[in-house]
Amino acid sequence: MSLKEFKIGWFATILGTGGVAIASLPYFPVLSVVLTYLLTAIFVILTAVWLAKIIRYPRVVAAELGHFVMGNFYPLQPISAVILAILYRKLGIPLDLPLLAYGAGLILVLTVYLSYHFFANVKAEIHHIHGGWFIPPVSTILVTDALLQYSPNETFFVTSLIYFGIGLMLFLFISTILFLRLVNHELPVFELAPTNFILLAPIGILIVDFTLIAKHAEAIFSANLVPLALIASISLWGFGLWALAVNILLLLRYLRQEMPFFLGWWSYVFPTAAYTLSTIALSHFVPVFSYAATALYAFLIAAWAIIGVRTVGIAIRGA
């Protein structure tokens with residue numbers, strides 16, 4: 001694979017593996033530590049290659065950023081930084097704030113730019129819409145999650161709500177459009193099939209955000225929002241269960257049509273990780289969710305292992 005052909009989608013490996021690392025903390029904390037250091041090395045390498053491509057082929061990068069498919073995946077790089085910041089914070093590695101500041105800043109810039117660009121410069125038909133459009137809102141609500149990892153303080157809390165508002169509304173808009181696209185048009189081609197699964201990512205992260213917002217609101221404003229947050233979170237978890245079941249059925253349909261393996265399969269991993277993490281978060285309030293969390297964690301590990309091994313094969317072959 002040449003520098004010019006390097007795909008921003010490689011950063012999805014960090015999202016998926018990072019999700020596994022965070023989800024493993026209550027089960028196998030040693031695995032979380034090992035994966036964090038491995039992800040740090042991968043992030044440095046991929047970012048160096050990405051920057052080299054920007055410098056060497058700026059027109060190619062500009063064309064990708066403006067493309068109605070590829071452009072939505074460019075936030076994967078700063079999302080990777082935010083995921084590492086969350087891991088560093090949880091493990092006590094004092095590099096979290098610089099990574100969070102970088103990731104949050106670039107995420108905001110890309111979210112605003114991509115929205116403007118698609119409004120002003122791209123004439124997209126409804127059948128062009130795909131699950132990858134969820135990545136910008138996923139990036140903003142993940143910043144909310146990261147900011148609320150810290151001790152309650154008003155500045156971080158207000159900032160987290162600003163990012164939360166952006167992501168929540170974009171999620172609602174895009175999910176409505178995507179539903180209409182799936183109902184009224186043929187299913188996406190193989191290359192975009194895994195992006196349907198990304199719907200689980202904002203669902204999972206929003207659930208975690210609801211619980212964290214309630215906790216911080218109580219500490220800062222003395223407002224007991226936990227019952228309301230749990231009602232919203234459990235209801236949203238039910239929607240996620242529906243989305244998981246439907247998307248597994250869609251995946252089986254694609255597999256019967258002999259869908260080949262490619263890098264986009266990581267879109268099955270990081271949304272599953274997000275939904276698993278939301279279930280773990282709910283289990284702290286409603287113990288019965290611990291059984292679902294364990295089952296989802298096992299499913300996540302299996303998917304991550306299978307896709308990870310096949311991705312290593314792609315990397316070795318230079319495909």
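First residue shown is number 1, and so on along the chain.
Keep in mind that glycine also has a Cβ here, set from the backbone N, Cα and C atoms.
Here TrEMBL flags 7-28, 34-55, 67-88, 100-119, 131-150, 156-180, 192-213, 225-250, 262-282, 288-307 as transmembrane segment.
Counting only same-chain residues 6+ beyond the ends of the transmembrane segment (192-213), those with a CB under 8 A from a CB of the stretch are 69, 130-132, 134-135, 137-138, 141-142, 144-145, 148, 160-161, 164, 167-168, 171, 175, 178, 182, 225-226, 229-230, 232-233, 236-237, 239-240, 243-244, 247, 250-251, 254, 259, 264-268, 270-278, 281-282, 284-285. Counting Cβ pairs under 8 Å that are 6 or more residues apart, the transmembrane segment (262-282) and the transmembrane segment (100-119) reach fewer than 3 and are not in contact. Sequence-remote contacts of a segment are chain residues at least 6 beyond its ends whose Cβ falls under 8 Å from one of its Cβ atoms, and for the transmembrane segment (34-55) they are 3-4, 6, 8, 10-11, 13-14, 17-18, 20-21, 24, 61, 77, 80-81, 83-84, 87-88, 91, 93. Among the recorded stretches 7-28, 67-88, 100-119, 156-180, the one sharing the largest number of Cβ pairs closer than 8 Å with the transmembrane segment (288-307) is 7-28.
With a cut-off of 8 Å between Cβ atoms, the residues of this chain six or more beyond the transmembrane segment (67-88) that come close are 8-9, 11-12, 14-15, 18-19, 21-22, 32, 36, 39-40, 43, 46-47, 50, 94-97, 99-100, 102-107, 110-111, 114, 117-118, 122, 124, 128, 130, 132-133, 135-136, 138-139, 142-143, 145-146, 149, 192.
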